[in-house]
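A quick write-up on the structure given underneath.
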Amino acid sequence: MKERIVNLETLDFETSQEVSLRPNLWEDFIGQEKIKSNLQISICAAKKRQESLDHMLFFGPPGLGKTSISHIIAKEMETNIKITAAPMIEKSGDLAAILTNLQAKDILFIDEIHRLSPAIEEVLYPAMEDFRLDIIIGSGPAAQTIKIDLPPFTLIGATTRAGMLSNPLRDRFGMSFRMQFYSPSELSLIIKKAAVKLNQDIKEESADEIAKRSRGTPRIALRLLKRVRDFALVKNSSLMDLNITLHALNELGVNELGFDEADLAYLSLLANAQGRPVGLNTIAASMREDEGTIEDVIEPFLLANGYLERTAKGRIATPKTHALLKIPTLNPQTLF
């Protein structure tokens with residue numbers, strides 16, 4: 001399947017651009033108000049006690065600001081943040097090298113933390129609980145355990161699949177936050193702030209239109225903003241007005257609901273099943289996508305907005321989906 005403009009994963013070329021648009025202060029971070037409020041209290045209390053923050057877990061679909069909010073936490077705590085991802089920690093020595101280089105109150109951010117191997121988790125447990133590394137030297141009867149004290153640090157775990165975390169690991173996080181999709185008004189404000197940083201003039205209605213099609217996700221909103229800016233430049237316009245915005249979004253294949261070709265193919269597959277549950281493996285084979293992409297990228301927004309139901313037997317289209325696609329729902333008695 002071709003690259004999706006509404007793909008939730010970070011594209012390689014976007015990394016430096018995303019950093020330049022990332023909010024640096026709480027007042028710059030739009031949305032997630034309840035999470036921000038709780039974090040501000042925890043940070044204030046930790047600073048007054050002169051302690052590190054409790055370990056915390058952020059979970060939810062990609063692109064909602066887990067990394068950005070972690071950078072703000074580090075800045076508010078006046079400490080350093082080390083960013084890594086679970087697939088990069090292959091051996092216990094990899095984790096030991098990271099942990100022993102942390103300073104007191106530093107933050108270690110591990111993305112995709114659900115992908116840590118059980119062996120790595122075993123090394124992480126005493127580090128999280130007692131700020132201690134237990135390193136085994138040698139093997140067999142001659143094996144020895146060396147204990148290395150670590151400075152107090154904060155582990156921030158980020159995951160799109162909280163259900164795949166082992167219970168022992170999940171229980172060691174003192175705080176757990178579910179990142180929510182953003183409202184169109186929040187996304188519109190994010191888009192307008194980003195346009196200022198990009199030195200791009202944008203009309204209010206253009207920002208609103210991009211926000212409406214951004215699937216509740218800032219990462220997608222910023223990606224669409226930059227693509228619409230390209231269309232404006234080609235048309236020799238210094239202003240992103242509604243006409244240019246609508247033309248660009250339509251050319252990009254993103255409809256008024258933020259759906260693209262993959263979303264519509266997914267929903268059509270369910271709707272045409274006429275109430276029969278469709279298994280994830282069947283969907284993946286039909287769409288030529290891996291199951292993880294369907295669960296983490298395609299389904300969350302559709303599920304949150306009532307376009308499908310997940311059951312033990314599979315996925316079922318809702319009446320909302322049938323109405324959208326104009327596919328009538330057959331009487332169940334006619335199916336047999």
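In case you wondered, yes, glycine gets a Cβ from its N, Cα and C as well.
Summarising the annotation, Swiss-Prot assigns region 'Large ATPase domain (RuvB-L)' to 1-182 and lists sequence analysis as the type of evidence. Feature annotation from Swiss-Prot assigns ATP binding site to Leu21, Arg22, Gly63, Lys66, Thr67, Ser68, Glu129, Asp130, Phe131, Arg172, Tyr182, Arg219. The Mg(2+) binding site annotation in Swiss-Prot covers Thr67, and the record cites sequence analysis as its basis. Sequence annotations record features per position, and here Swiss-Prot assigns region 'Small ATPAse domain (RuvB-S)' to 183-253. Taken from Swiss-Prot, the feature region 'Head domain (RuvB-H)' applies to 256-336. Marked as DNA binding site by Swiss-Prot on the basis of sequence analysis: Arg310, Arg315.
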>> From the DSSP assignment alone, can you count helix, strand and coil residues within the region 'Head domain (RuvB-H)' (256-336)?
In response: 44 helix, 9 strand, 28 coil
> Quick one: Cα separation, Glu129 (ATP binding site) versus Arg310 (DNA binding site), in Å?
Replying inline: 36
> Which of the listed binding-site residues (Gly63, Glu129, Arg310, Arg315) has the least company, meaning the fewest other Cβ atoms within 10 Å of its Cβ?
Replying inline: Glu129
> If you average pLDDT over the region 'Small ATPAse domain (RuvB-S)' (183-253), what do you get?
Replying inline: 96
> Expressed to the nearest Å, what is the distance separating Gly63 (ATP binding site) and Arg310 (DNA binding site) at their Cα atoms?
Replying inline: 23
>> Cβ neighbours within 10 Å, counted over all protein chains: which one of the binding-site residues Phe131, Tyr182 has the most?
In response: Tyr182
> When DSSP states are grouped into helix, strand and coil, how many residues of the region 'Small ATPAse domain (RuvB-S)' (183-253) land in each?
Replying inline: 50 helix, 4 strand, 17 coil
> What is the separation, in Å, between the Cα atoms of Phe131 (ATP binding site) and Arg310 (DNA binding site)?
Replying inline: 41
> Cα distance, Thr67 (ATP binding site) to Arg310 (DNA binding site), nearest Å?
Replying inline: 29
>> What does the structure give for the C-alpha distance between Thr67 (ATP binding site) and Arg315 (DNA binding site)? Integer Å is fine.
In response: 31
> Are there any residues in the same chain, six or more apart in sequence, whose C-beta is under 8 angstroms from the C-beta of Leu21 (ATP binding site), and if so which?
Replying inline: Ala194, Lys197, Leu198, Leu222
> Cα-Cα separation of Tyr182 (ATP binding site) and Arg315 (DNA binding site), in Å?
Replying inline: 25
> Counting across all protein chains shown, how many other Cβ atoms sit within 10 Å of the Cβ of Thr67 (ATP binding site)?
Replying inline: 19
> Given the ATP binding site residues Leu21, Arg22, Gly63, Lys66, Thr67, Ser68, Glu129, Asp130, Phe131, Arg172, Tyr182, Arg219 in the record, what is the largest Cα to Cα distance, rounded to whole Å?
Replying inline: 37
